[in-house]
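**Q** Sharing a structure with you now.
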Amino acid sequence: MQPSTAERIARLSAHISPSNLQMGESSMLERANCRAKGGAPGFKVAILGAAGGIGQPLAMLMKMNPLVSVLHLYDVVNSPGVTADISHMDTGAVVRGFLGQKELEAALTGMDLVVIPAGVPRKPGMTRDDLFNINAGIVRTLCEGIAKCCPNALVNLISNPVNSTVPIAAEVFKKAGIYDPKKLLGVTMLDVVRANTFVAEVLGLDPREVDVPVVGGHAGVTILPLLSQVKPPCSFTPEETEFLTKRIQDGGTEVVQAKAGAGSATLSMAYAAVKFADLCLRGLRGDAGIVACAYVDSKVTELPFFASKVRLGRGGAEEVYQLGPLNEYERIGLEKAKQELATSIQKGVSFIKK
Ligand SMILES: NC(=O)C1=CN([C@@H]2O[C@H](COP(=O)(O)OP(=O)(O)OC[C@H]3O[C@@H](n4cnc5c(N)ncnc54)[C@H](O)[C@@H]3O)[C@@H](O)[C@H]2O)C=CC1
Ligand SMILES: O=C([O-])CC(=O)C(=O)O
């Protein structure tokens with residue numbers, strides 16, 4: 001005899017554990033009993049810090065990316081709610097949530113790409129370096145997890161100060177014996193996104209038609225837009241060069257001040273992070289000619305890390321491009337950038353080595 005509706009509901013309800021409910025598996029029919037098999041082709045991506053100001057819109061945009069088949073959302077707070085919410089989007093990626101240190105390993109196992117926006121943001125009056133004391137430890141812990149659970153994954157590091165957190169990550173990976181310099185990428189895409197936007201405004205062009213290389217690092221004078229190499233080819237007056245360089249270098253501070261204590265760039269950063277992650281995934285897929293700026297292990301200058309254009313492929317940043325010809329203004333900017341970068345890199349390295 002067929003069970004009554006009440007009996008069926010009672011039986012199905014018994015399968016729903018509180019943690020599944022938290023993680024968004026609240027349907028009356030347990031996941032295991034659904035017909036969906038999952039396993040669509042694509043890449044497995046984890047976001048660490050997924051419940052934050054960047055993490056949430058980043059998770060939403062990654063769930064919309066057709067190259068992603070599995071999306072793991074990890075945070076130390078609120079990841080169940082974000083996961084439940086994002087998992088209802090009718091796009092291909094399967095979404096799973098992970099909460100707290102004890103679930104970090106499960107979040108990371110099997111991942112192809114790990115994107116890290118975990119850590120505290122700036123308030124007005126702070127520099128990115130003021131975040132070092134808190135964020136350095138967070139990045140160390142997360143990278144130890146990556147070294148253990150997905151040592152071959154590509155890492156997109158967003159947490160500030162990027163100029164120091166990337167050297168921290170490299171030292172953690174070296175210590176674990178798994179460091180592949182091609183696979184660790186500091187995300188400087190927001191500087192390029194801003195540069196394209198601000199230059200387009202000055203020139204009266206559509207930002208989508210503009211390509212500005214931004215090299216160096218990701219803080220103040222270390223952010224060095226190469227306005228002499230803008231595409232389409234164009235020229236700037238000295239006043240325009242000064243105005244644009246300063247605005248690009250201070251773009252983050254402009255947002256921090258406008259948010260007046262409520263954090264730093266989150267929405268434009270999520271956009272930039274997804275733009276960059278998408279290029280990384282296309283590279284992993286084997287697409288040809290994928291080029292983007294990133295802060296990487298580098299021999300372009302005498303410094304061990306530097307942001308410049310890189311070619312993204314199956315192995316990560318497979319080629320790091322030289323800077324190309326610089327004008328006098330950019331040569332002076334480069335010297336200032338290198339001075340500050342050297343200190344930030346050393347600070348990151350000695351945080352792990354000490
Ligand atoms: N590279 C870049 O261009 C940019 C970098 N950033 C940086 O990104 C970071 C995050 O910024 P927001 O999302 O605005 O901050 P937020 O405070 O809104 O979010 C950070 C998230 O990280 C989580 N978190 C803290 N400790 C964690 C841990 N041990 N493991 C996993 N998650 C942890 C928090 O719970 C929170 O959900 C900041 O360091 C900020 O400076 C921000 C904008 C641009
Ligand atoms: O300025 C900040 O603190 C956040 C950031 O890195 C940016 O918006 O470029």
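One-based numbering along the chain as shown.
Quick reminder: no glycine exception, Cβ is built from N, Cα and C everywhere.
Fair warning: this is a prediction, and the values are worked out from it, not measured in the lab.
So TrEMBL lists these for the protein:
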DOMAIN    44-186  domain 'Lactate/malate dehydrogenase N-terminal'
BINDING   GLY49, ALA50, ALA51, GLY52, GLY53, ILE54, GLY55, ASP75, ASN135, ILE158, SER159, ASN160, MET269  NAD(+) binding site
BINDING   ARG122, ARG128, ASN160, ARG194  substrate binding site
DOMAIN    188-351  domain 'Lactate/malate dehydrogenase C-terminal'
ACT_SITE  HIS218  active site, proton acceptor
**Q** Of GLY49, ASN160, ARG194, MET269, the binding-site residues listed, which put a C-beta under 6 Å from ligand 1? Please answer none if none do.
**A** GLY49, ASN160, MET269
**Q** Within the domain 'Lactate/malate dehydrogenase C-terminal' (188-351), what mean pLDDT does the predicted structure show?
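**A** Taking every residue of the domain 'Lactate/malate dehydrogenase C-terminal' (188-351) together, the mean pLDDT is 98.
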**Q** For the recorded substrate site, whose residues are ARG122, ARG128, ASN160, ARG194, find every other residue on that chain with a C-beta no more than 8 angstroms from the centre of their C-beta atoms, and list them by sequence position.
**A** PRO121, PRO161, VAL162, HIS218, ALA219, GLY252, THR253, VAL256, SER264, ALA265
**Q** Can you figure out which of GLY49, ALA51, GLY55, SER159 (the binding-site residues) comes closest in space to ARG122 (substrate binding site), comparing Cα atoms?
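**A** That would be SER159, nearest by Cα distance.
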**Q** Quick one: which of these binding-site residues, GLY49, ALA51, GLY53, have their CA within 10 A of ARG128 (substrate binding site)?
**A** none
**Q** Please spell out the DSSP helix, strand and coil residue counts for the domain 'Lactate/malate dehydrogenase N-terminal' (44-186).
**A** 66 helix, 30 strand, 47 coil
**Q** Please identify, among the recorded positions GLY49, ALA51, SER159, HIS218, MET269, the one with the smallest Cα-Cα distance to ARG194 (substrate binding site).
**A** MET269
**Q** Using a Cβ cut-off of under 6 Å to any atom of ligand 2, determine which of the binding-site residues GLY49, ALA51, GLY53, ARG122, ASN160, ARG194 qualify.
**A** ARG122, ASN160
**Q** Could you measure the widest C-alpha to C-alpha distance across GLY49, ALA50, ALA51, GLY52, GLY53, ILE54, GLY55, ASP75, ASN135, ILE158, SER159, ASN160, MET269, the residues recorded as binding NAD(+), and give it to a whole number of angstrom?
**A** 18
**Q** Are there any residues in the same chain, six or more apart in sequence, whose C-beta is under 8 angstroms from the C-beta of the residue listed as 'active site, proton acceptor', and if so which?
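**A** The residue listed as 'active site, proton acceptor' has long-range Cβ partners ARG128, ASN160, PRO161, VAL162, ASN163, GLY186, VAL187, THR188, ASP191, TYR295, ALA307.
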